[in-house]
């Protein structure tokens, strides 16, 4: 988004689509909770399965769990985007939530590593909601002054979920309970409780989506949504909120006014419809869509791959892939690194020594790890709320991306050396708090810009598909990253080279800084429309 330093915050927020952004946020919230809750106990879960030959091998098998989810998302994310383009945004979101509920419960009740692996794979297969949510936000926030803030909702909700998820996973997992009648259940299914609670939250998200989410697809805005009508009636009865004028009501009124069969309408009839008064605010372009509906002309020719994957789109997708690799590796393996036992000699001294002999971890419990992740996530939520509107007004999209990419490599350089503070646990925790908070804050500022660039570079009618490819790109990173770095982390633990896994991420983070030169800023109006610049001859 182009800088708009002369625009006040009030002017920037005028007309912001708060209601639907709130609904999308509530729909999205449960999924990062489900995603992040696993990190606090996955080390102990894999260890309990007994599949790892040694403690050093646990990271490798935990990486397989993460990779299975991502691999299935790679295969299906673009298909879910196509599904959303063909059948509407709302059906795709609802089906995705149903799939997440099923897979979450299966994962919580897993008694073998194979069952856990299959349930994570199922979750990746059935859930394409991230791409659809991005598309919906882009279609709800149509004005340039709103887009930067609207796309910032994604990391804001992600971090809020990452505050709640680790707390749920850290405090509800394990075989101990103070409730007597649940003792046998908890001993058999030590990781069921957090997943049952999360499945309940996903179900609430499903109810919100069914009752209150409007379909933003240009073809299906006028489709009669009986569930949305039920939601309108519910809000009226509970809070006295007067329902808005829905697009299908306009279509119905127009049909009733005309006694001519729909397919026999003449060109004059259609022109009359186009000249009719504009529908109420909140149902833009309804009369245009109604005209297409009455003509029975809903099909549009499919775009070619070259029309969809323009150089600007390819550059942004490439950057998203690399950012996703180092981000997911850090998110997956930082909790494992913190939970790994402290490596000590027989005299209880640390085996690690600066600079190159580094092994073990901090030996933190799942609740301690969960508290660290939740606290850093919470700090990022406050940072986004307080600072991001100001940053968006003062800086362009690419400037934000470039500036906040710079600190991230330093996190990867420093973090392995916290094991040297294992004898001073409080100081070690403070260092981890600070480093991870800086990393998460920087990511939460640069990722919305990257998401926005991907969205605005895509042709408008193919944005669901392009956002699906973006999620496939991110999912490929989430598959490749944990798979490869699981081996690197295990190798490093065996040979006292824990720093190796983290330092290899430095190169990726530096590449991301360089990639800013290849990206196209979203302040280009031609980019915003997904069209090539027009040159006058």
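The backbone N, Cα and C atoms fix where each Cβ goes, glycine too.
According to TrEMBL, the feature domain 'Major facilitator superfamily (MFS) profile' maps to 20-519.
Sequence annotations record features per position, and here TrEMBL assigns transmembrane segment to 21-46 (among others).
Sequence-distant neighbours of the transmembrane segment (58-80) (same chain, 6+ residues past either end, Cβ-Cβ under 8 Å): 38, 42-43, 46-47, 49, 51-52, 92, 96, 113, 116-117, 120-132, 328, 332-333, 336, 340, 465, 468-469, 471-472, 474-483, 485-487, 489-490, 493. What TrEMBL lists as transmembrane segment is 58-80 (among others).
Summarising the annotation, TrEMBL assigns transmembrane segment to 92-109 (among others).
According to TrEMBL, the transmembrane segment annotation covers 149-172 (among others).
TrEMBL lists 192-213 (among others) with the feature transmembrane segment.
Look at TrEMBL and you will find 265-293 tagged as region 'Disordered'.
Positions annotated as transmembrane segment by TrEMBL: 308-329 (among others). Remote same-chain residues near the transmembrane segment (308-329) are listed as 66, 70, 408, 412, 443, 446-447, 450-451, 453-454, 457-459, 462, 465-466, 469-470, 473-474, 476-478, 480-482, 485, 501, 505, 508-509, 511-512, 515-516, 518-520, 527, 532 (criterion: CB distance under 8 Å, separation of at least six residues from the stretch ends).
For 369-388 (among others), the entry in TrEMBL reads transmembrane segment. Only residues 6 or more beyond the boundaries of the transmembrane segment (369-388), in the same chain, are considered here, and those with a CB under 8 A from a CB of the stretch are 36, 39-40, 149, 152, 155-156, 159-160, 162-167, 169-171, 334-335, 338-339, 429, 432-433, 436-437, 440-441, 444-445, 448.
Positions annotated as transmembrane segment by TrEMBL: 400-419 (among others).
Only residues 6 or more beyond the boundaries of the transmembrane segment (431-453), in the same chain, are considered here, and those with a CB under 8 A from a CB of the stretch are 1, 134, 147-148, 151-152, 154-156, 158-159, 312, 316, 319-320, 323, 327, 330, 334, 338, 362, 372-373, 375-377, 379-380, 383-384, 388, 391, 397-398, 400-401, 404-405, 407-408, 411, 414-415, 418, 421, 470, 519-522, 527. What TrEMBL lists as transmembrane segment is 431-453 (among others).
Outside the transmembrane segment (465-485), and at least 6 residues removed from its termini, the chain residues within Cβ reach (under 8 Å) are 62-64, 66-75, 77-82, 84-85, 124, 128, 130-132, 134-135, 138, 308-309, 313, 316-318, 320-329, 332-333, 451, 454-455, 457-459, 501, 504-505. Look at TrEMBL and you will find 465-485 (among others) tagged as transmembrane segment.
What TrEMBL lists as transmembrane segment is 497-514 (among others).
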